[in-house]
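Per Swiss-Prot, these features apply:
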- 9-278: domain 'Protein kinase' (DOMAIN)
- Ile15, Gly16, Ser17, Gly18, Ser19, Phe20, Gly21, Glu22, Leu23, Lys38: ATP binding site (BINDING)
- Asp128: active site, proton acceptor (ACT_SITE)
- 300-471: region 'Disordered' (REGION)
- 325-339: compositional bias 'Basic and acidic residues' (COMPBIAS)
- 385-430: compositional bias 'Low complexity' (COMPBIAS)
- 431-449: compositional bias 'Polar residues' (COMPBIAS)
- 454-464: compositional bias 'Basic and acidic residues' (COMPBIAS)
Amino acid sequence: MDLVIGGKFKLGRKIGSGSFGELYLGINVQTGEEVAVKLESVKTKHPQLHYESKLYMLLQGGTGVPNLKWYGVEGDYNVMVIDLLGPSLEDLFNYCNRKLSLKTVLMLADQLINRVEFMHTRGFLHRDIKPDNFLMGLGRKANQVYIIDFGLGKKYRDLQTHRHIPYRENKNLTGTARYASVNTHLGVEQSRRDDLEALGYVLMYFLKGSLPWQGLKAGTKKQKYDRISEKKVATPIEVLCKNQPSEFVSYFRYCRSLRFDDKPDYSYLKRLFRDLFIREGYQFDYVFDWTVLKYPQIGSSSGSSSRTRNHTTANPGLTAGASLEKQERIAGKETRENRFSGAVEAFSRRHPATSTTRDRSASRNSVDGPLSKHPPGDSERPRSSSRYGSSSRRAIPSSSRPSSAGGPSDSRSSSRLVTSTGGVGTVSNRASTSQRIQAGNESRTSSFSRAARNTREDPLRRSLELLTLRK
């Protein structure tokens, strides 16, 4: 496609596609800067790119938020141009043989909580927290985690009046089944607590390699989702976090103790993991597991190589600083062509649900993928036409408790479904919850496989060549 976007962004090769449209590498012909260009047909039944671009504009300036370069209509396409980013955490998780060390998880947790907190301070929920939606930067930003994919984002309060959205039930499950909170499975309107609970599942996924509700078998997709929900509700926090530091139990207990409109104490959650990090004797040197795999000599000076990977070192006397300088020199020698081939932009790892059964069958075949991808207004957005029947559940209240440590509610609500201990309380008289759940791709399906079809070399390997570290 020989096209110049907005008069200055020239399209390069295609690096991804899906129900949302197509993704291309691009270059600013005026500055030579590489960018990511996302195209969506103007004829699509449920356009979402305009909505997503508005969220990008509202979130601009935040650490770990890609810059929106341009949005508009070009020919038959809605077009959004943003920063080009590196591999997703799911890609790096796979690169590290599907298990991350405690040190790496704790370094990630600090940034991940910050990203979610920033989005909440701007008045929006993410509602699809998963490894695919967090990407590492490139070059000097290679240690920075970026949050992407705001297609399911929803405004949860008015920034002027601070009025919180009302508590509701019987909501369709929105997000990705594997990481969705218990209350989301039960059909409760999502709020800040649900983004944080989902983040907790992501951390346990990294530490343990899988979650207890993965790999469940069922005759239909609806039955599969019901089994995921039942398993998640029935799994005590202590079992979920077995053989892991107690701080993770505390994290989940806190998230599940929050009432619907409570403001979480993000500082408390970050402090939990920071204190654990210090107690373990780790150094916050940004030497992640994938860094040690790529540059084993760095692990010898990170002060924690024995806890991360037991790699042999090529030069035990090499300092981390010297390694970083060497790594930057290597990255500096990359040609523009290799950088284009190696970098994978944020949105190529999205697996959004579509509005029709035809689109879903083409882009989603797995049960753990995103379940809804229709852009809402400030209220609820249109849902999928997918119908798998209804699953009735009763709302489950927890016992009464004092105010959360996070501070006052935006408007006190007594509605909570999960007890602070992670168990399930007595069944209430609330209406049953009906969940119509879309089909989706496995979150672990990496978009790198799509990009690899367009190039002879492994794009993840080239993307990792670009990762440079900085203390």
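Cβ atoms here come from the backbone N, Cα and C positions, even for glycine.
Separation of the C-alpha atoms of Ile15 (ATP binding site) and Asp128 (active site, proton acceptor): 22 Å, rounded to the nearest whole number. Confidence in the domain 'Protein kinase' (9-278), given as mean pLDDT, stands at 95. Non-local contacts of Gly21 (ATP binding site) by the CB criterion (under 8 A, 6+ apart in sequence, same chain) comprise Lys38, Leu39, Glu40, Ser41, Thr44, Leu49, Tyr77, Asn78. Take the CB of Leu23 (ATP binding site) and look out to 10 A: across all protein chains shown you find 26 other CB atoms.
Leu23 (ATP binding site) sits 20 Å from the residue listed as 'active site, proton acceptor', taking the C-alpha atoms as the reference points. In the three-state DSSP reading, the residue listed as 'active site, proton acceptor' counts as coil. In this view, Ile15 (ATP binding site) is surrounded by 26 other Cβ atoms within 10 Å of its Cβ, with every protein chain counted. Under the three-state DSSP scheme, Leu23 (ATP binding site) falls in the strand class. DSSP classifies Ile15 (ATP binding site) as strand under the three-state reduction.
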